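Here is the structure we will look at, set down as structure tokens.
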Protein chains: 2
Amino acid sequence: MLPLPTLAQNLGIAPEHLIQYGRDKAKVALEALEAARARRPRPGKLILVSAITPTPAGEGKTVTSIGLAQGLRKLDRSVALALRQPSMGPVFGRKGGATGGGLSTVQPATDINLHFTGDFHAVTAAHNLLASVIDNALHRGQTRLAPGGVLWKRVLDANDRALRSVRVAVGDPGERLSGFDITAASEIMAILCLAASRDDLRARLDRLVVGFTADGEPVPACEFRVTGALMALLRDALLPNLVQSAEGVPAFVHGGPFANIAHGCNSILATRMALAHADYVVTEAGFAFDLGGEKFIDIKCRQSGLAPDAIVIVATIRALKMHGGMPRDALAAPDLPAIRCGLENLRAHVGAAASFNRPVVVAINHFPTDTDAELALVRDFCAAELRVPCALSQVFARGGEGGTELAGAVLSLFDGADAAAAISYPKLEYVYPDDIPVTEKINTIARRIYGASGVDILPGAAARLVLFERAGFGRLPICMAKTQDSLTDDPKKPGRPQGFRITVRDFELAAGAGFIVALTGKMLRMPALPKVPAAEKIDLAPDGAITGIMGT
Amino acid sequence: MLPLPTLAQNLGIAPEHLIQYGRDKAKVALEALEAARARRPRPGKLILVSAITPTPAGEGKTVTSIGLAQGLRKLDRSVALALRQPSMGPVFGRKGGATGGGLSTVQPATDINLHFTGDFHAVTAAHNLLASVIDNALHRGQTRLAPGGVLWKRVLDANDRALRSVRVAVGDPGERLSGFDITAASEIMAILCLAASRDDLRARLDRLVVGFTADGEPVPACEFRVTGALMALLRDALLPNLVQSAEGVPAFVHGGPFANIAHGCNSILATRMALAHADYVVTEAGFAFDLGGEKFIDIKCRQSGLAPDAIVIVATIRALKMHGGMPRDALAAPDLPAIRCGLENLRAHVGAAASFNRPVVVAINHFPTDTDAELALVRDFCAAELRVPCALSQVFARGGEGGTELAGAVLSLFDGADAAAAISYPKLEYVYPDDIPVTEKINTIARRIYGASGVDILPGAAARLVLFERAGFGRLPICMAKTQDSLTDDPKKPGRPQGFRITVRDFELAAGAGFIVALTGKMLRMPALPKVPAAEKIDLAPDGAITGIMGT
């Protein structure tokens, strides 16, 4: 790893644009983006890492992304990462860190998993300032919102079951049932990640809808006159963070919106900053391709004009067995027929990814229990049936060395074109156009991406949709909130189900982020602590090192 | 102002002990303390700035502290500041910033008033992690605490009326009425400020009492097994922050506990860090001397072994008129008789301060409306009646130049002794010894410091005190929570009341901070927003500057 000023210098970031937070973390001034674009007008190539429907442990998108970037570096390519910052709450709950693993991590992993540079805290503060101002207006009768019409809750970056359902303002005119979401679920987090600039951030904060009047009129946040204060609170949080992988690959780790009720990608500014400074940029989208990949394209790319130049679909032998019907506690045992059957899940995701006219490569995230016969089966399937390259990724155990096969496969997608050359892809086609009805948008996603036969919208949801469309929000893209455990909306259905229908139970409006959330099930916005919270293992050693965060 | 690395270098702080947060803020590693002590074994002289009973606008302790330090610098003395960090919540409410004013400020004032280096956020996160773990244990029936016995609430650094009284865990076994305090009121904030070291921080977190069992047994936080996780969250927050005044005086701005239910002083580590690196250290204590000064000595000094070498009592002509009976909206008009009468309030505070066998100087914080005759009256009173030096402080308008008279007066207290020489003061005598009953301690404070004739303890309070004393906490010092607007416990009684009694309405235990809080009235732990919150004036300019924070 390099001293951070050297890392930045190697990227071409001027010292005056590097704002250090301690020795190993920094923010990069937005001015660096313009400076880099003036220097190298053609941005780098964007490689999107997504996955098949995962096991509960995940397919390893983050570790694969980091390892792929390290592999590209081993092949002497100029490369950077653009990744989400993990949420702190789950670190104390069940999940452990989310900064890769083994020899493919971003560092300082403990800091990134905790306060990092304070961005989540800034989002928490901004979200709750708006909440306090709304409640102050309710208390004083200064708003056309009625207590029952307030949709804006509060947030904390914590796993706290007792805050899910909370009666606030007890004894006050504003008393009502409300609650706290985890900060990653704040619309302000999604807004921060989708903002293209300071001005765009301000415009989005102004127009975010905090509730509806009794007549069904949307009430935008700007009515509460604190957008300037929110901007002040978010001043530094808007700047992308710069750290590095364990092998010294620059990593812009910035923003962490939920992947269900939000779009689940790092910030647009971090992606742009990476693309402006490196020839190849590896990024990821939350959950499997049906959820995260689709939202990456239909929300992040649609709003920003970005487009992936290649798509990596990560799969594990374990997940393929699960999709082939093996019980989750037996996935270490060899079973070729189960894999053969489970490969239909891979086919679905690769098919969806390839439909965007971008080259796709499959990465097998290697586990020690994988057999040669199992790996060969997957490789043969990719070649013969899917007609996409397939590479073994051993980045957890071997770091960048274990990522060169995948890196080579990715580079081969570009046909040996010079890194600086444009690739003449057709313009990225989104799944649906802006100007069709919301129900039609959802139908298109469900049929084309999930393989569903149709969509049912429950009456309550339909009524809310009427409210949103009447208020003029019908042109927004859709943010599907669906289980990550199945192509269907039923987490108990692995593999490649056929003839199923998707049920939309509710809609939510994220007018500042710029999407309508379609909820296909109960989405938990505030996680809880398990019987033995992970916090019990975490400690501060006498030398000041933080120990016990899983995966660090 | 100097580049921060130069500022640190001038203090003798090694580069490896300076951890920068952006260009103009830093933290200092605790190792710098040992290094400095090895280099210059005799610490600097500690100058405590306190005040008379203030007007609602405050007497200007912070601006006087900063200006005095700048004045000492003008007189070529080696000097540093040790100050509290202001709370962010009130910045959006009514109060504006608390980083001095005019030409005597600490910088970057906007950052210090907002996120600064994230210390308040870390305290918030640690406090709420403990709360979430307690509620998780209640939910699962894993604790001997009953929901009704939980005293640990949650905190946010916000002014949020709707969170004062909140029903948490609605529908869960742990459902109960609880609430949020502002972060400055968190016991963890007081603990952070009183911790002498990492080990001491851990021991205090372990022993803080989160509630009582049905049998009246105290339940310490260590039963919830997350002290290590709290330590991880507080790792960086424990390190003193280093910034500078507008004239380049180093300022350790660290910690911000409430001055009513807590002791209201910056951290012990910041004070020690300043004393280890400069010949003269200017610090302040919250509220007037009867509250802040007494707690500085009886809590901060008692727990740390620190002692002031001199005490400055700040007074304004405006406040003296108020104490002499003038209405608050007429304080700009000249009125010698009112001042003559109001000087009795100054006599009370100077008398209390002088009783600790440390030299006292009165600083008149100058306002443009002050007349020469008014100033002469105060000067004469100090010389003839109080027999202490009195100096005019014009630091708001003139910076360090306006502080040289006060700086000279302070230096004269040390009898021309060389800065590095020991002054042979008698050992600091606290107001009361550890081993007398709590009620006797309060009686002693009330009679000796407030001038009361006695103390009444309401029956409910007495019952709680029995609980605390039975549990073995009777030896702790007392943290008086009393109005700052009067020497009595009635904010409507300015001047120098006689023959009054103090009523203790309740007691609270802060076993980790190491004191028992005696509440003499209703103390608001969560401020509210006014009709027009200050947030409405705050904005982010296109150049990235934050505007509209009052006093910055």
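Every residue gets a Cβ built from N, Cα and C, even glycine.
Look at TrEMBL and you will find B:THR55, B:PRO56, B:ALA57, B:GLY58, B:GLU59, B:GLY60, B:LYS61, B:THR62 tagged as ATP binding site.
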Other than B:THR55, B:PRO56, B:ALA57, B:GLY58, B:GLU59, B:GLY60, B:LYS61, B:THR62, the chain contributes near ATP (Cβ within 8 Å of their centroid) the residues B:ALA51, B:PRO54, B:VAL314, B:THR316, B:ALA319, B:ASN365
If you tally other C-beta atoms within 10 angstroms for each of the binding-site residues B:THR55, B:THR62, the top scorer is B:THR62
Note: among binding-site residues B:PRO56, B:GLY58, least Cβ-dense neighbourhood at 10 Å is B:PRO56
Within 10 Å, the Cβ with the most other Cβ atoms among the binding-site residues B:ALA57, B:LYS61 is that of B:LYS61
For B:GLY60 (ATP binding site), the same-chain residues 6+ apart in sequence with C-beta under 8 angstroms from its C-beta are B:ALA51, B:GLY101, B:VAL314, B:THR316, B:ASN365, B:PHE396
In three-state DSSP terms, B:THR62 (ATP binding site) is classed as helix
